[in-house]
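What TrEMBL lists as domain 'DNA/RNA non-specific endonuclease/pyrophosphatase/phosphodiesterase' is 62-272. Annotation comment: TrEMBL describes 63-272 as domain 'ENPP1-3/EXOG-like endonuclease/phosphodiesterase'. What TrEMBL lists as active site, proton acceptor is His127. What TrEMBL records for Asn159 is Mg(2+) binding site.
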Amino acid sequence: MSYKQVISGIVGGGIAGALLAKGVSSVPSVNPPGSPVTDGALVDPAGFFKYGFPGPVHDLQTRDSFVSCYDRRMRNPYWVVEHVTAQSLATKNGSRKNSIFKEDEEIPETFRARLRDYFRSGYDRGHMVPAADSKFSQKAMDETFYLTNMSPQVGDGFNRDYWARLEDYCRRLTYKYGSLRIVTGPLYLPKKDPVDGKFRVTYEVIGNPPSVAVPTHFFKLVVAESDKLYATAFVLPNEPIPEDTKLGSFEVPINALERSTGLQFLQKAQYAHLPLEEDLMKVIPYEPAAINGKV
């Protein structure tokens, strides 16, 4: 069974209960209950919260070119949202040669992804919002290098190849549509055990002590704003992908992506399917500056 069948079917029902961020900066995803104790009640379970609410907590951060929600448990972004326009891409006031990878000190130390977690891990520090989408200012460019915008990605054949081509594909779509809004994030999808036929979620964890989860897949929701709204979604495995693989093989229904992430997309909008343009999936030259992603 392919990953596409999984996300559209079995996974959809199996992990629909994933935690859903409420978009509040560094506070619980849900408000702690504070109901008063009923007269005569023998116990007061909510009384625990006077000592502090356990969570879950997701850190919502607004940057110049994107908004991100950080998953403290996985030490990965939960999701990132960016806005790309033809004008923003044409404005080039920043260079990645002047940027460095850095830990995000806005995240409490206990839950922070660290540079040393990636050291000799065999994985790239993969941008969720590409640096190339944020060249309109050096500050915007620099902010894409926070580890809160990174996930461990396979380098050769993925981060530096097919995934980079998908990012470039999205930029090329601005030539036609003008304005794109893109949501990107990691996934941890189940895989069928060849021995007993059961589905299990397994993923590597890097760092010492191990703390940063290595996603099994990544998703990208692409919304094009033109005469009307268009949208589509892709899910790619975190592994080398042959160069000649059609982008359409990674396209998934948006409602299937919602079921597998526990997130909601475009529930307030009417939209049409964004047509695939396979001819825009060009093989792009590998920029030497991108070697910064190698660890």
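Quick reminder: no glycine exception, Cβ is built from N, Cα and C everywhere.
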Cα-to-Cα gap, the residue listed as 'active site, proton acceptor' vs Asn159 (Mg(2+) binding site), nearest whole Å = 9
Indicate the candidate from His127, Asn159 with the smallest number of other Cβ atoms within 10 Å of its Cβ, considering only these recorded positions.
-> Asn159
Looking only at the domain 'DNA/RNA non-specific endonuclease/pyrophosphatase/phosphodiesterase' (62-272), what is the mean pLDDT?
-> 97
